[in-house]
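A quick write-up on the structure given underneath.
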Amino acid sequence: MSEIRIDPITGRHVIFAVERDLRPTDLWNLAKEVNPMSELDYVQKCPFCKGNESATPEEILKVPDSEDWKVRVFPNKFPAIKSMDDENMQSSKPHSIYEKYSGIGTHEVIVESPFHNTNYFTMNLEDFTIFIEAMVLRYKAIISNKDIEYVSFFKNHQKLAGASLFHPHSQLIGLNSVPDFVKYEVEGSKTFFDKTHSCPYCHILELELSKKERLIYENEHFAVICPFAPKYKYETWILPKKHLPYFETEDNIDELAKALYFCFKAMYIELGDFPFNMFLHALPKTMKSGEIYYHYHFEINPRLSGNAGFELGTGIYINSIYPEEAAKKLKEALEKEEK
């Protein structure tokens, strides 16, 4: 019999059906596709490789600020939203059933390494630390803009996860509105708080750190867990142990870098190089009442299988591995590596 779990914050339902992995298939596995550029540390036509800086807009930030940079940030050449100074604004006509408004804000690219064939699975701890330092600087700069209500940090790795370029990079988008999904998550946290007088993420952390059933890694300031009702196989969350609603208040950069480093190290040992999406959720600055019940966190969603008709038609996800088993495998992978 399948088990259905409910996310304690969003109320999302997830069906666990372990036998689904035994289904026969005669379709080509695109996730196993080998990119011919994966062996090259420099590609002449890649706009993100060191030496090709003229192919991108002028950088906003380089770390270090020299030709021998490790991380580089610049405006996205093909932004998803208009810049803040765009004068061609749109809005809905009065009483129209179809609503629209101009998407204005900022859209930046973070090139995470000068080397083409580096990625989160092969980056060392120093690489992660420098990247996080740069990302935090830009995040703080964008969120401080009075016209920006929310900043989305995200990373797409491999084509199946939405990446358009192979070179390691992530993105920051500053929005003049709050995304609906973030609103739902904050509202779900409030519902939990109203019932329990506790932040749901702090409650989850207390449970996971004591039972350790779904705990993969922890250090003084962060915990890496598989959530109770994950949408995706091997989905992981990285949470600060201290109650922090806003990411811009985080100053434990070294410990966050360690959490990311060991998380991806465990995944690489167990799963190899695979497509994934990673994103940050933090409290929007216009939802200040959520300061007592919301908790910023990173989510890593492996794309080991696609969303099919059932998921798209119902909003209910099917997962073929329990998070307890996934966490056990990832934790054992780290322990074996340490030996």
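Just so you know, glycine gets a Cβ as well, placed from its N, Cα and C.
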**Request:** From the candidates E133, E149, E185, E187, give the one listed by TrEMBL for the same Fe cation site as H281, H295, H297.
**Result:** E185
**Fill in**
Listed alongside C46, C49, H167 for Zn(2+) in TrEMBL, from H13, H95, H116, H203, is H116
**Asked** Between H167 (Zn(2+) binding site) and H297 (Fe cation binding site), how far is it from one CA atom to the other, in Å?
**Response** 25
**Item:** For H281 (Fe cation binding site), the three-state class that DSSP assigns
**Value:** strand
**Message:** Suppose we draw a 10 Å sphere around the Cβ of H281 (Fe cation binding site). How many other Cβ atoms does it contain, all chains included?
**Reply:** 21
**Request:** Among the recorded positions H169, H295, point out the residue whose Cβ has the most other Cβ atoms within 10 Å, with all shown protein chains included in the count.
**Result:** H295
**Request:** By Cβ count within 10 Å, point out the most packed of the binding-site residues listed: C46, C49.
**Result:** C49
**Asked** Measuring Cα to Cα, how many angstrom lie between H281 (Fe cation binding site) and H169 (active site, tele-UMP-histidine intermediate)?
**Response** 19
**Prompt:** Say you check the Cα of H116 (Zn(2+) binding site) against those of the recorded positions H169, E185, H295; which is nearest?
**Reply:** H169
